[in-house]
Structure formats: C-alpha cells, structure tokens
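For 1-21, the entry in TrEMBL reads signal peptide. For 34-53, 65-86, 98-117, 165-182, 241-263, the entry in TrEMBL reads transmembrane segment. Under the heading Zn(2+) binding site, TrEMBL lists 51, 201, 205.
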C-alpha cells in the first residue's frame, strides 16, 4: 500500500509538470493523456485505500477491495485508450479501429466483475482464479497490442524513437508483476519468512508501479512526437471514447456496489 500511495503522489507531481507543457483544455488530442494520468492515479489511490482501511470491518474489507478492482478496470481502459490513440501504428489501427475501444471497455468491466466475484466467494481455487485472471489476461492482450505491434514493426535499433524503450520497459515490468501475482513467489520457496517484507504481492505492487511510470513517460513522448501519425487517424472517431470511459467507470462502480450489497446481506444472515 505504501508503494502505491507514494506512486500516487509522484503522479500528482508528474501531472503538475504536464500542466506546464500540455494544453489539456485547448488541445482535443490531449484528452487521452489526461485520462491515462487520471486512471493511473485512481487505481493507485484505490489500491492504497483498500490495503490501508480494509481491516475496519468485514463489510469494509470486501467493499474496499471491490473499490480496488474498480480502479484496476478504470486503469485498464485508460491504458487501452492511450495506446490506441498515441502508440498505435496506422496498419494496426486499420485492423482494429472498429472494435478496439468497445472491446477494451467490455473486458475492463468483465475484469472488474471477475475480481469482485473471486473476492466475494472467498474460495481459493481454480474457479475463482479463472474468473479473476482470464478477463485480465484478455484485457491486457488487447490493450497492449498496439505497443507490441509497434515494437515488432520498429525492429530497427537505429530508429530514433525514445518512447519505444519506455514501452518495452512497461511490458517487461508488467509481465514480472503478473508473474509474482499469479505464482505466489517467493513466499512459496521460503514458508514463514516473507510475512513483513518480500511477499510476492509486494513485488507485484512495485513492478506494477514501475510499469505505470514507464508507460506514462512513453505515452507523453508519443503525444509530443507522434502527432503527425496519430492526428490523421483520429479526425473521424469511430466512437466517443470519453463516453466509453465514463461507461466503464459507471458500470464498474455499479458492479462493486451490487456485490457489496450481497456481502451485507450475507453478513446480516450470519448475525441472525
């Protein structure tokens, strides 16, 4: 939680620097950049709140973690939008433009549902992990596809594209985070020795923060340097991405609220 809280504060400082150089109000092409910064701050803040306040009661334990999953869904769509808008190559844009953002919004919401359901049933096992991890894997595969495609088509190391290094770093950091999250390393190797420091979940948080910071630097560089590429691609938007962003936020919050009501009902039945 401390790592995410510190990262959220770093993000506020980064936003302050953005405000000095980016015309968020006057440049319509700056909106996706603002959304990814907002989405990153949201998931980091919600995660910190969940880990700091979840011990208040059983109801709030569930509710704060549901809120954490809302933040993750919002960040997933924000990442998809930033990659689709700034990082994408015209060839990949032509293939996916009709379905990319609606599918990203749907998978983000599905990821929120799966994570909330896994938390709600509280039964460690294949079903819960599948409900949580499969939608997240599908969402990430779609969201990162513009970046992966660009890395492969820009294989020339002499290409003057400094954002690519940050994009490669964000992919590596995310894969490391996913590995520590899903395999319970290194505590499975050192039983009883990782209660305070060195838990896989702590390392997951650290690598996810590094992924986010590298991603923001890549997106900022793309926003500045790739305008001749992305501006013609988005003159006629196939859909309203701001509306999809708000839809993702609203549907995820509603999902978390409904699951929290089920928790409350379960707790009421337990006390009768």
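Backbone N, Cα and C define each Cβ position, glycine as well.
No curator has checked TrEMBL annotations; they are predicted automatically.
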Same-chain residues at least 6 beyond the ends of the signal peptide (1-21) with a Cβ under 8 Å from one of its Cβ atoms are 33, 37, 40-41, 44-45, 47-48, 50-52, 202, 205-206, 209, 212-213, 216, 220
Per residue, counting other C-beta atoms within 10 angstroms of the C-beta, which of the binding-site residues 51, 205 reaches the highest number? 205
I'm a bit unsure how to read this: which one of 34-53, 165-182, 241-263 has the highest number of Cβ pairs shorter than 8 Å with the transmembrane segment (98-117)? 241-263
Hey, which bits of the same chain come close to the transmembrane segment (241-263), Cβ under 8 Å, at least six residues off its ends? 31-32, 35, 58-59, 62-63, 66-67, 69-70, 73-74, 77-78, 81, 85, 101-102, 104-105, 108-109, 112-113, 116-117, 119-120
